[in-house]
Amino acid sequence: WIIPFVPLPVPMLIGVGLLLFPIXTNKLRRMWAFPSILLLSIVMIFSTNLSIQQINSNSIYQYVWSWTLDNDFSLELGCLIDPLTSIMSMLITIVGITVLIYSDNYMAHDQGYLRFFAYMSFFSTSMLGLVTSSNLIQIYIFWELVGVCSYLLIGFWFTRPLAANACQKAFVTNRVGDFGLLLGILGFYWITGSFEFRDLFEIFNNLIVNNQVNYLFVTLCAALLFAGAVAKSAQFPLHVWLPDAMEGPTPISALIHAATMVAEGIFLVARLLPLFIVIPYIMNFISLIGIITVLLGATLALAQKDIKRGLAYSTMSQLGYMMLALGMGSYRSALFHLITHAYSKALLFLGSGSVIHSMETIVGYSPEKSQNMVLMGGLRKYVPITKISFLLGTLSLCGIPPLACFWSKDEILNDSWLYSPIFAIIAWATAGLTAFYMFRIYLLTFEGHLNVYFQNYSGKKNTAFYSISIWGKGCSKRINKNFRLLRINNQSSSFFLKKTYRSDENLKKRNGGRPFINLIRFENKKARLYPYESDNTMLFPLLILVLFTLFVGYLGISFNQEARDLDILSKWLAPSIDLLHQKSRDLTDWYEFLKDAIFSVSIAYFGILLASLLYKPIFASFKNFDLINSFVKTGPKRSRWDKILTLLYNWSHNRAYIDVFYTTSFTGSIRGLSQLTHFFDTQVIDGITNGVGVMSFFV
């Protein structure tokens, strides 16, 4: 029970220090990274010990404090330690520690350094409290606390209008899901009379067996519970907050998209799976939402120019795979993919942060420029360690063996054939799209030449950028008109440009290299002509996550053909429900696995090959810019191809028009209603009052 509260002293002490000793606390601000990392490391040791106990004994530990208010009602609080809890605790602590170490250097220049670490530690506390909750009331309390922390971190740079709007958007979107979650919790309490998971599952199963419940009402309550997971895990149609959440600092993006906020929805569905399994319509609904999100996220990622938004849509698609697996009843595959994806995606986000950090020395603090992949390119020469790390994370997400995501995604793809051939075809096709858009991000960022110095060529004939679109080396003028980010004014300033600091370079010279931890004063960030590799404090977490990306997939591999349950993950999840694997247990062997693996890897390589053809280095030869435009030929086939590209580009660029629909329908109608209410209040209500007052003069 002490696990959630171990990181809590850090935000409390920072708050007290800023209140009582603000000057001293700010002077020693870099000191607070150490206790944050230390306390989370202690939690990681506890979580590792619990995980080992789970693997060895398959025990489930529950401790409950009961507070009896009267004979009819008692409030129970407690902690539940089972395989799901231990898996999530390990994820939160390991990813959290790497992000905290990384943030010490990444946020060193920021005036909100102390506030950042206070939020991060409280975020870890809230998430650990959520995964150890033993009842729905505790789940809801910590659910809201995690939401509060994520809103604070998304809007961390709240003076930027985009960040403030993104924070509000995330808040409003999640309010919809959270309200549904609350109604669902109250509905199941009305049905069963209990909030405790064990009692809830047992009572509900008995009611279903004895046919003592209204199936329509039960389905409605389950759908409301699922609405909370849909919003938090950015599933269709409540996914619209996710790309805007990229306005927060990059370490926050890594934490939110790897192990915390977006994992909440998957955790909730996994925790309540015994409840959902006895309601077939809900399981079908979960898998339907999952497969829609898989395809939608992949198509929206195809033409993103912002490196973080591209990774955000990738996260959305991968979460769809997990939700699809849960809807199919493949509990083990869903959690396996949650584990492997967390480390790979954290690696990708921290790698992108390293790239952004190095680009800021050239373009200044301007997210529109420093995160724009069109202005990158050729970074493999300047940031080699980051490049290798990012490439490994990319290949893992593409599903290339023997990296982590290959093993888990392959399980989900194979299970989808047992569930529905239509869903399987969509899932396999999206695997190819995943390889395409992930390798596109890698090629635009690291291959070719540094494009930031060629932005003056854009939009004019007979120049390199005339026929360069976000789709690769060539396209029609029609697409180029939409390509606004190529025409960025290089002289535009940002609010934060004058408030950006950099560690003292002299200490690096005295130490003979990059310092591992900088406890020094700060000065203005110096402009450079070319990017440079990040400090060791930022590279060390990348190397740790590379190791997990390489080896964590072996948790779920069974090296014995006769028994599937000899792998570590199956022992870990022994008491859990896994419907599809019970059906397919006898069919699973190395021959079947190799046959499916060869097919999935072939699809992934096809996506990589297509991305390489479209996005291979554009400036391989500068001798004749007209050569780049030479393949743009007129004709019916080319015209048809341009129309398809334009359609796909507009679909991705406009976010499938879902944001536009929400803005015109919901936002517009609410504003219209508010204006009507305002008119009625000022003209009618106030008019009656004022009219009576005026009439009194004539009476």
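Any Cβ shown, glycine's included, is placed from N, Cα and C.
Record features, source Swiss-Prot:
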TRANSMEM  1-21  transmembrane segment
TRANSMEM  81-101  transmembrane segment
TRANSMEM  117-137  transmembrane segment
TRANSMEM  139-159  transmembrane segment
TRANSMEM  177-197  transmembrane segment
TRANSMEM  216-236  transmembrane segment
TRANSMEM  272-292  transmembrane segment
TRANSMEM  319-339  transmembrane segment
TRANSMEM  346-366  transmembrane segment
TRANSMEM  417-437  transmembrane segment
TRANSMEM  539-559  transmembrane segment
TRANSMEM  598-618  transmembrane segment
Criterion met for the transmembrane segment (177-197) and the transmembrane segment (598-618) (at least three Cβ pairs under 8 Å): no
Contact set, same chain, for the transmembrane segment (417-437): CB under 8 Å, 6 or more residues outside the stretch: 287, 291, 294-295, 298-299, 301-302, 310, 313-314, 317-318, 321, 324, 328, 397-399, 409, 580, 583-584, 599-600, 603-608, 610-611
Any contact, the transmembrane segment (117-137) to the transmembrane segment (319-339), with at least 3 Cβ pairs under 8 A: no
Remote residues contacting the transmembrane segment (319-339) - C-beta distance under 8 A, at least 6 residues beyond either end: 84, 87, 91, 229, 233-236, 262-263, 265-266, 269-270, 273, 277, 283-297, 404-405, 407-409, 411-412, 415-416, 418-419, 423, 427, 552, 555-556, 569-570, 573, 576-581
The transmembrane segment (539-559) versus listed stretches 81-101, 139-159, 272-292: most Cβ pairs under 8 Å: 81-101
Folded-back contacts onto the transmembrane segment (139-159), same chain, C-beta under 8 angstroms, at least six residues removed: 4, 112, 115-116, 119-120, 122-123, 125-127, 129-130, 133, 166-168, 170-171, 174, 178, 181-182, 185, 228, 232, 244-245, 247-249, 252, 256, 260-261, 264, 268, 271, 495-496
